[in-house]
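Scroll down for the structure; my scribbles are underneath it.
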Amino acid sequence: MSAELIAVYKDEQIIDLESAKVLGLSDGVKALKGSEPIYFDDSPLALEVIRHSCAHLLAQSLKALYPDAKFFVGPVVEEGFYYDFKTASKISEEDLPKIEAKMKEFAKSKLAITKEVLTKEQALERFKGDELKHAVMSKISGDAFGVYQQGGFEDLCKGPHLPNTRFLNHFKLTKLAGAYLGGDEKNEMLIRIYGIAFATKEGLKDYLFQIEEAKKRDHRKLGVELGLFSFDDEIGAGLPLWLPKGARLRKRIEDLLSKALLLRGYEPVKGPEILKSDVWKISGHYDNYKENMYFTTIDEQEYGIKPMNCVGHIKVYQSALHSYRDLPLRFYEYGVVHRHEKSGVLHGLLRVREFTQDDAHIFCSFEQIQSEVSAILDFTHKIMKAFDFSYEMELSTRPAKSIGDDKVWEKATNALKEALKEHHINYKIDEGGGAFYGPKIDIKITDALKRKWQCGTIQVDMNLPERFKLAFTNEHNNAEQPVMIHRAILGSFERFIAILSEHFWGNFPFFVAPTQIVLIPINEEHHVFALKLKEELKKRDIFVEVLDKNDSLNKKVRLAEKQKIPMILVLGNEEMETEILSIRDREKQAQYKMPLKEFLNMVESKMQEVSF
């Protein structure tokens with residue numbers, strides 16, 4: 001079965017066997033010249049077809065078990081697929097095995113999956129009385145509506161799909177959740193069931209193993225266990241509280257970045273948290289981003305709490321006149337921003353309403369875009385290497401709706417391509433995926449579980465400089481508009497620390513660990529020695545704690561190990577008298593002895609090992 005053709009890829013779309021027949025091609029997909037074959041396997045394009053068909057298999061099974069069920073949409077998403085539906089029956093996680101069993105029953109029945117195309121009038125009549133399908137149709141333009149059928153079940157869908165349910169043998173329903181109709185909180189709440197599907201048994205097995213590993217590494221769980229952060233309902237959803245250890249971790253990353261930024265010619269700036277709505281109207285945020293912003297009124301003047309830092313940095317630029325000799329100007333800020341995220345999408349530190357970006361804006365000439373982006377790519381590589389992340393880049397090009405002329409866009413896009421080429425970076429191209437005001441590069445990191453995360457962005461902006469009428473005096477003494485480059489490498493400290501926590505499973509490397517060394521005095525008489533050593537380590541900028549609880553030595557050591565502290569030092573008579581320390585080193589997975597002075601020199605050196 002692995003060699004069977006299930007669809008083709010042509011003109012950036014997947015065309016399944018049934019769609020080829022509907023197009024009137026008697027030989028099916030074979031008649032589609034210049035197309036790329038898609039075989040039944042675990043490749044990305046094949047999985048899109050497989051998972052889409054598995055979503056329909058889920059809907060068919062739900063209809064069989066709950067005849068009153070009505071269905072909204074069932075798309076393929078990054079984590080598999082889901083279907084939104086409603087029924088008068090109460091459905092819980094405990095019902096998933098029963099639904100899954102029904103899916104397997106239909107899969108074994110080897111039902112042919114067929115397609116027909118209806119006019120809008122025919123589709124409205126076919127799904128008469130189904131308000132959810134009518135809601136779907138209201139969002140579709142044109143007069144061609146695809147309907148896929150299998151074993152008496154049919155659903156409105158554009159595809160692509162497998163030719164038969166016999167292909168669907170390796171799937172799993174993963175969770176049940178609620179979802180508002182169309183993602184709008186004003187609409188009714190539907191039931192959403194998620195699932196995953198693969199062509200092979202190995203693919204499903206590996207994925208389920210990864211899911212279990214991800215549960216163990218969940219940063220929300222680690223945040224509590226390691227005392228990094230918390231949330232409080234009395235404060236509000238999506239508003240994290242950084243506890244001392246989490247704040248230390250974050251500060252260490254901030255300090256390392258600041259040192260590197262200053263060496264790379266960035267200047268620290270700081271903008272206000274609230275700005276008059278007038279500037280948000282100039283920037284376009286008021287018209288295009290208002291629903292994601294918070295507003296307040298002071299002295300009858302409306303203010304917007306900033307969702308982004310760019311406007312503040314523009315005003316810093318405008319605070320003085322600039323010549324071409326001043327450029328590039330690089331401003332950075334650890335900017336706190338607020339965005340109104342719907343409660344249903346909030347997720348630990350990964351999705352919050354208040355977060356801090358490692359934000360920077362570079363004001364430069366067109367000719368400087370390539371060199372500035374090249375420097376950012378170099379910076380990115382050093383940061384990712386320090387944290388043991390592999391990463392990939394994606395270049396997004398001009399969308400259909402955009403500002404600026406073709407030559408300007410081509411020049412800006414080529415500058416990004418040349419910068420990527422200079423660093424020998426293989427990158428994907430998202431044709432038409434850029435913002436309306438300029439091309440961009442997205443930075444996607446891969447963690448220890450092979451999960452990909454969108455973090456940083458390098459965005460060329462030709463819109464805001466025009467809106468705010470930014471200028472510099474060029475070498476011919478004429479006013480010229482600068483280009484603005486938005487740049488965040490981590491994205492936000494909250495999101496990056498969540499990813500970092502799961503990547504290392506809380507075993508943070510020494511240079512950023514929230515507690516780097518713990519000192520365990522065996523008895524009270526060793527406590528003074530521990531405090532003196534603590535002071536020596538603090539002078540060397542080491543985060544150190546003395547564990548002097550009234551517990552047994554073994555219990556204190558186990559507690560320190562559970563806290564995933566890189567180095568544990570047990571201090572007794574021998575260590576105090578000889579000043580030769582006993583060290584338990586987590587990173588080396590070893591125990592060894594070292595003279596005090598040598599140890600102090602070693603940890604001092606370890607703090608210098610990493611730089612960006």
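In case you wondered, yes, glycine gets a Cβ from its N, Cα and C as well.
According to Swiss-Prot, the feature region 'Catalytic' maps to 218-509.
Look at Swiss-Prot and you will find Cys310, His361, His486 tagged as Zn(2+) binding site, backed by sequence analysis. Under the three-state DSSP scheme, Cys310 (Zn(2+) binding site) falls in the helix class.
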Discussion item. Helix, strand or coil for His486 (Zn(2+) binding site)? Use DSSP.
Written reply: strand
Discussion item. Comparing the binding-site residues His361, His486, which residue's C-beta has the most other C-beta atoms within 10 angstroms in this structure?
Written reply: His361
